[in-house]
Structure formats: C-alpha cells, structure tokens
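K.L.:
Take this structure, written in structure tokens, and hold onto it; I'll ask about it next.
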Amino acid sequence: MKVALVESYLSCHVCSETFRDPVSLSCNHSFCSSCLQKFWEQAGNKNCPKCKRKSSNDCPGINFTLKELADSFTGRQKSGSSEVEKGEEQLMVVCSKHQEDPKLFCKDEQRAVCTVCEFSLHQSHKVVPIEQAVSELKEQLRSDLKSLQDKRNKHKQVKTGREIHSQCLGPE
C-alpha cells in the first residue's frame, strides 16, 4: 500500500513509469524530461499534459530533488528487489518476483538482478557477478573521492594564496 502511494507520486503522468530526469512545470506537475519534450512536439504547444496550462518555461531544468527520490525508489524497486529486515540491524535484499538473492549486476541498468530476471529480462545486457560490480563500484568511489579531495585541497591553496595576497596589498 505505502509503496504504491510513493510510486504514484514518483510516476510520470505521460508514460506512467517512475520518473527519469524529472522536470517540474510552473503548475507544479512533473514529467520525465524526454516524455514532456515528446508530448510538446506531438501536441504542437507547450501546455502541461495534465492540466493543459501553458508552461512559462520552454526548457524546464531537471528537478534534482525529485530525481534523487525517484532514483532511490527505483534502485530498490526496478529489479523487483525488496529489503527484508532480519533481526535488528541486518538487511537482506531478495527478488520480490522470484524470492532469490541477486547474484548478478546489470551494468546497463545499474542494478542488482537475480539469475531468473537476468535470463528473462537482461539477456542482451552487460551483466557481471555482483562481487565484481561491488569491487568496481568501490574502486570508482575511491577514485572519485580522491579527485574531490584533490580539488578541495587545490581550492584551499588558492583561497589561502588570495588571502595572503590581499593582506600584502593592504587596505585600499
């Protein structure tokens, strides 16, 4: 019941799927960016597909808050996985369709899948063992973190240099 309610708030009114790169119009209705553009092309106007109100923005930007919510939701729901509590702290993820542990990772859709789902739904996709995907993703995170730390350190150096330079110049 709760999942269906959340899903209804995170669904595009055009394609009825969970948002992909959602945009919000001035009337506060939201749609997948690509769905809205296709709708506008077909309709020949820039009206809201739901309430028909004219949009004040011809190119609305991505609603990142809604995108993060939709991405978080689909991260669990797309593969049919659900989190089941075991004890107090341990969580186990199983496929809600087949009640199997996801042993594979679909690189095309960036989600864990069970072997039955892989065979039926991800056959043409790039699929790797979940351990390999975890290792690769951890390495990517380490690399991204190092890059961010390097940028932060460079920013601090520039800021310190500017402060020293402005102190040397004195008050104007």
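Yeah, the Cβs are placed from backbone N, Cα and C, and that goes for glycine too.
Summarising the annotation, TrEMBL assigns domain 'RING-type' to 12-52. According to TrEMBL, the feature domain 'B box-type' maps to 90-130. Taken from TrEMBL, the feature region 'Disordered' covers 147-172.
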K.L.:
How many of the residues that make up the domain 'RING-type' (12-52) does DSSP mark as helix, as strand and as coil?
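P.N.:
Taking each residue of the domain 'RING-type' (12-52) in turn, the totals are 11 helix, 8 strand, 22 coil.
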K.L.:
When DSSP states are grouped into helix, strand and coil, how many residues of the region 'Disordered' (147-172) land in each?
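P.N.:
Counting residues by DSSP class gives 23 helix, 0 strand, 3 coil.
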